[in-house]
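Pulled from TrEMBL, these are the features on record:
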type	residues	note
TRANSMEM	12-35	transmembrane segment
TRANSMEM	125-148	transmembrane segment
TRANSMEM	160-183	transmembrane segment
TRANSMEM	218-245	transmembrane segment
TRANSMEM	266-292	transmembrane segment
TRANSMEM	312-330	transmembrane segment
TRANSMEM	342-361	transmembrane segment
TRANSMEM	413-431	transmembrane segment
Amino acid sequence: MESLNALLQGMGLMHLGAGQAIMLLVSLLLLWLAIAKKFEPLLLLPIGFGGLLSNIPEAGMALTALESLLAHHDAGQLAVIAAKLNCAPDVHAIKEALALALPSVQGQMENLAVDMGYTPGVLALFYKVAIGSGVAPLVIFMGVGAMTDFGPLLANPRTLLLGAAAQFGIFATVLGALTLNYFGLIAFTLPQAAAIGIIGGADGPTAIYLSGKLAPELLGAIAVAAYSYMALVPLIQPPIMRALTSEKERKIRMVQLRTVSKREKILFPVVLLLLVALLLPDAAPLLGMFCFGNLMRESGVVERLSDTVQNGLINIVTIFLGLSVGAKLVADKFLQPQTLGILLLGVIAFGIGTAAGVLMAKLLNLCSKNKINPLIGSAGVSAVPMAARVSNKVGLESDPQNFLLMHAMGPNVAGVIGSAIAAGVMLKYVLAM
């Protein structure tokens, strides 16, 4: 009988909590969206599967060595950790002390847990290497740069303003998060508000990078919101675009883009990096990798490297990035009131970014001879190339012969630049406070 009881106690099912059960269902939902609905499958599939692995009871795949120690509830070991942190020897008090401790102290406690015989789970290791270090989002940005053509932007530099205007959604969302906190509805700190705001840029790697730096405890919810809303761009944007434009404006035909020389395409990423990085060094990591990837593409002298970055390398890193984000989909971190606020603020951020881009295009038309179709303003959010395709699709509804795709790619790639700069601004000023 004792053997049977020991066998039952060893089953994960016996330790399945309500929170873990809910998160398993959430993870299955993400897998269904990725497979059945094709919603950002390259990220949502590994994120969803990582969520499944993270919430298997007793497996501890997403736990660090210190978290495994706390989950083990050994009184002697808890007393040792509590003595180092100068707090009560119970799990809740230790977690509170760790949250207030410096990163160096947290690292010391992690090493102490390793010395006591605990090891981090495989997903925790993935997270430490891929996101904790900031490497994975940067490598993906390099790949995105290698796949980006700046030609439409260089052919019509005015569209840079559309990409810049769309970033208004980021900063408006930061204010929205702080407003919720001010009125006591949902508690958000300034770093958390900044991390949530970047969802408005519709740039998954940037959202993950900034969240990992400013609010790692919210990374799972922010990443899921960012990629889910990126997949929903064809549903979110068109009603806003139609509401802010007239039928006449949607029929505006733009002047054909000029041919951009190879020299311009080679010089642009170098000049862009120097101009931005010298003024805002905190934007250099993201923008630097993006420009480096683009330079490999446009130079034409390292085709083998460019091909590797665009395909093999970015695919490998995407796998580990997705699983690492899934490591944060654990019940005690995801099932919080803040998650609901993040989902709400995320969709508002997308809406504001879309509206700001459209309105900026209309403003430019007031003082320009060559009119811009306001529909391409919505492509200023950096969901590449989906936002540009949406602009083209809505334009074709009003005029079946009006192809806006290449025109919309200008603000689309400008949005990528804008989101990287916005992330740099957040890092510089939020971390300094």
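For all residues, glycine too, the Cβ spot is worked out from N, Cα and C.
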The transmembrane segment (125-148) vs the transmembrane segment (342-361): 3 or more CB pairs under 8 Å: no
Leading stretch by Cβ pairs under 8 Å, where the reference is the transmembrane segment (342-361) and the options are 160-183, 266-292, 312-330, 413-431: 160-183
Close approaches to the transmembrane segment (266-292) from elsewhere in its chain (Cβ under 8 angstroms; 6 or more beyond its ends): 134, 137-139, 141-142, 144-145, 148, 150, 154, 205-206, 209, 298-299, 416-417, 420-421, 423-425, 427-428
Contact between the transmembrane segment (312-330) and the transmembrane segment (12-35) (3 or more Cβ pairs under 8 Å, separation 6+): yes
Range from 12-35, 218-245, 413-431 with the greatest count of C-beta pairs under 8 A to the transmembrane segment (160-183): 413-431
